[in-house]
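Chemist: My questions will all concern the structure given below.
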């Protein structure tokens, strides 16, 4: 085996330019494969954060408009061991905020402060002031703040189309990274939202919002929620049902990424096959002499196996280094107006290791045809025709 390794290395170093070209071709293929794969994952992560980061993964509604005995239902869900991280009560209702001569349409969202932070991590999104703690307090989105020209401690008046009215103290401002939400959402206590919706006396809510560990499993987990609650008056929806077009787009993007990666890898394998096949022809005489000197067919075949292995490993290592440069350049120069990366590409060691392994295996696989070709060479005929 050592003799095969030595000869393989000698063959590679003898044709330095040819070896360099094939190694660089593999490196470029591997770098493109890794970069596209990580870019795809980053894009998916960015889109999911924008979709799911400010919304529940599963929502339970009532077909009658309101849910009673909601605390018992939430207790059932949280007692179930599985994917559910949290289940919280929510009341949403339409309204208007009035300040001097300005009237803005809003969505009043009612939660307990503890539940709100548990579901939406809202404290990390409050850039000024603090989260409300009592009734009569509220937090506003950044765009609504600019529109109204208010600051922490100011009082605003919230009213509904059906005549409910209440004054609130502004305790803070949040930024959810979504202009529509920042412009229309006002978050306040659950009891205040119940008051505006006419649900306070009966202690009812509009919905139960659920977050889970695996957002991709929202559809299957939603069915489990239905079984646990076992109530025909309740309707369970997940984020996939509410965003069918985006989910379809994500699936299409995944398929396109896999297809591109496959053909890049295929091109790399074919280039190795062609170069090693040419190498067999170029080294006919040398192989014939080695066989005549007593080297077994299996060992001459191993020469091309090790050539492919060396090429694959070197090309893959250079490819990984190139992909890191691509990612660094992308994160540095492809930015949004706010100066943050358009897609936050996070380096996944597992993905890189998997891609590198596939690349090396594919390179070794490419040596099969040239190895068989060298195995069948008759040393007598080669030397005779040499």
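From the backbone N, Cα and C atoms, a Cβ is placed for every residue, glycine too.
Annotations for this protein, taken from TrEMBL, read as follows:
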DOMAIN    19-202  domain 'MacB-like periplasmic core'
DOMAIN    259-379  domain 'ABC3 transporter permease C-terminal'
TRANSMEM  20-39  transmembrane segment
TRANSMEM  258-281  transmembrane segment
TRANSMEM  302-327  transmembrane segment
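Burial and contacts for the listed features, if you can.
Modeler: Beyond the transmembrane segment (302-327), the same-chain residues lying 6 or more positions past its ends with a Cβ under 8 Å from any Cβ of the stretch are 1, 4-5, 7-9, 11-12, 19, 22-35, 38, 268, 272, 276, 279-280, 287, 345, 347, 352, 356, 359-360, 362-364, 366-367, 370-371, 374.
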Chemist: Would you mind giving the whole-number mean pLDDT across the domain 'ABC3 transporter permease C-terminal' (259-379)?
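Modeler: Mean per-residue confidence for the domain 'ABC3 transporter permease C-terminal' (259-379): 80 out of 100.
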